[in-house]
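If you look up TrEMBL, you'll see A:5-114 marked as domain 'Epoxide hydrolase N-terminal'. Residues annotated as active site, nucleophile in TrEMBL: A:D180. According to TrEMBL, the feature active site, proton donor maps to A:Y318. Look at TrEMBL and you will find A:H378 tagged as active site, proton acceptor.
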Amino acid sequence: MSVESPFIISIPQESLSLLQQKLRLASFPDELDDAGWDYGAPLTDIRRLVARWSNGYDWRYHEAQLNTELPQFTRAIDVGGHGALNVHYVHKKSDAEYAIPLLFVHGWPGSFFEARKLVPLLTRGSPDHPSFHVVAISLPGFGFSEAPRKKGFNLDQYAEVCNKLMLSLGYNEYVTQGGDWGFIITRRMAHLYGPKYVKAWHTNFPGGTFPSLLGQPLSFLTMLFHFLFPSFNPQMQAGFDKTQKFIQSGSGYNAIQSTKPQTLGYSMADSPVGLLAWIYEKLVVCADGYAWDDDEVLTWISIYWFSRAGPTAAARIYYEVGGGNTQKLGELMGTPEYTASIPHGISRFPGEVAILPKSWAKSNRKIVFDREHERGGHFAAYERPVDVCGDLRDMFGRGGPAFGVVKGRDGYNS
Amino acid sequence: MSTENAFQISVPDDSLSLLRQKLALVSLPDELEDAGWEYGVPLADIRRLVDRWANGYDWRHHEALLNAELPQFTRDIPVDGHGTLNIHYIHKKSDTKTAIPLLFVHGWPGSFFEARKLVPLLTQNSEHHPSFHVVAISLPGYGFSKAPSKKRFDMDQYAEVCNKLMLALGYDEYVTQGGDWGFLITRKIAHLYGPRHSKAWHTNFPGGQPPSLFTQPLDFLSMLINGLTAKEKEGLQRVQHFIATGCGYSAEQGTKPQTLGYSLADSPVGLLAWIYEKLVAWTDQYPWKDDEVLTWVSIYWFSRAGPAAAGRIYFEVGEGEPAKQMARFSAHESTSIPLGISRFPGEIVCFPKSWSKNLGKIVFDREHDGGGHFAAYEKPEALSGDLRDMFGQGGPAFGVVKGRNGYD
């Protein structure tokens, strides 16, 4: 049976030394005049961050803070065909007796760290709103979880690990929250394990499928109309433009990670500067004007640098789930898995990388909650924790559309 | 006026020392069991190459060899809107005074180094075949040339640098040979400067488009009726495979070359893997020796502009959109000068022959049984043979350059 061990992040001193040695030898590229962000992360930003990382940034301080705020554990989880993987997770219980078990699933370049601000909000007990027992998993290959050793660790395997974790914690019924890969994984979980184990799922990365004439005639006709008269709905057109721009000019990382993650991985494992730039670019471009603090960025990226499996392993999810070619991931995103046996909630943030018409999410989902926000981007749980928490409370609270989905755990004390 | 300076590769001791220090601190990633080449370069290969690079590989030896074999120079070339760039190039003259001036243009991840084996063959004197004065340019941002400092250094600019270099060397008329980016650049040279300066062009990386009813009605109908030959189908499947699984480097370099550049500039092992993957995937079972690979990659590592600059060509040509980049490759560019094509079966983009018809005035088109993308390096004899046949007495492009037909 799986045995839980408490876990404290405690990076060996020699790892910190090695990082410092590498940073001291950092070599920077040139940059074109007035490049701005056009060609990628600007040189001044990276120079400044590297200077801070080698002088002034205190990993031990942030490590201690994380350990204080987030109770962490590890346990071995057996995954069919892949043996046992040691999985790391945050598990913070609420004071509320009947809190709702909620699994938070991150994506790339995210980690359990993304849930940092959400955890205290969700676990807080109050008669006025529901509260949650929060589990934030480090997906295999991320954070302090082991990485898969064999090829073919695919969507079903990620879903299996997540489900088994919740069951092993005694949460036979639970709800999920996820964005980015967390959306794709929790959607698969809803498909495979709902309604028996997964009772409801919420996402901030709605995605969607182009409506079909037969399946969603009204949506289809709306699209046809829009193609003929795009100026009639400028907001919808703006969403398409943004999405298209991301696909055309912002998805190079996706192309390389879904085809040659090992080749890229040599850089990521060897160069903290390279890893920093690779992730920092996304933190800025995909968030909605979030005012990143340098130390915040460095902690986020240090988690990748110091990760148990090393920085290379994380990107393999693109290859495994994307099928080793560049088209499959897009297809996967757009393919509507059947999840309508359980209620679904959506929070829409304007800075998200892909903005599709609301009706496109309908296919094969039972949407009971759909709220738009004025601010916030891809890393919603981190950028707008109050909004995400508020939405979850409204979705699952008394009078809410998913109230009481988990038997005997409605989120309140009585 | 531009003044030429003799150039010897002489990497500072500091740079060698820094490389050694970085290699001593190298951190290698994990790898999945039985990964093979599926996920990218295998760990065993990189481990071995890194060990050799840190221990045993002698850059000074290879540097000296290059300096001995390849007479090199630099000179300032002004480029409209981009100021003056100091350009590095090989210039090896044949003993035959009236040899044909030939400009060799490399691509990515190539360099002047690709011409290493071709140069002695092309410059060789003989009454049986023509000889050439060979100029192998280091494109701006590659080898020991300076990189552009402004945005939008595009095909026209690369062509301008190349043409100006040949003119500065006194070659008012010349021919070109190019593959990879060298194909697009020499096509642009043919388009802009032919027939006034560029008199003929040869490529081992022919682009092209499927025939349409309007452009090539007979070929179009033939394709519909007869389909493609087994060989052509196989070639297209390889293109498909390349696009689906082998173009990630191009997508990243074409959208965020700066972001990628931090890795390539800081990590020699990262750079090694990035390039080595293509050296193996794009060649036709070429038996790379470790020191050969390391010299090839060291040229990038020690390049004047640093390893990040070279990838920018992808961004500029596609204006930040990889789809546009591909479109530029396939788009028609009108040229009036004779064109020669050499086809190597291991090339990454192998279109059916009928697709190249509109490339230009094809006077020479030969298929080979072996060889891949880096044809000049893998099959220098075959390539020089083709150039000799194309430009030699009785050949379809004999005497294109006034007063320099390649013979005494």
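The backbone N, Cα and C atoms fix where each Cβ goes, glycine too.
What TrEMBL says about a protein is an automatic prediction, not a curated fact.
Cβ environment of A:H378 (active site, proton acceptor): A:G179, A:D180, A:F205, A:K282, A:C286, A:A287, A:F349, A:G351, A:E352, A:V353 lie under 8 Å away, each six or more residues apart in the same chain. For the residue listed as 'active site, proton donor', the same-chain residues 6+ apart in sequence whose C-beta sits under 8 angstroms from its C-beta are A:W108, A:N254, A:Q257, A:S258, A:P261, A:L329. Its Cβ taken as reference, A:D180 (active site, nucleophile) is surrounded by 23 other Cβ atoms within 10 Å in the chains shown. For the domain 'Epoxide hydrolase N-terminal' (A:5-114), the mean pLDDT of the prediction comes to 97. According to its DSSP assignment, the residue listed as 'active site, proton donor' is helical. As a summary of secondary structure, the domain 'Epoxide hydrolase N-terminal' (A:5-114) carries 38 helix, 27 strand, 45 coil according to DSSP. In this structure, A:D180 (active site, nucleophile) belongs to neither helix nor strand by DSSP; it is coil.
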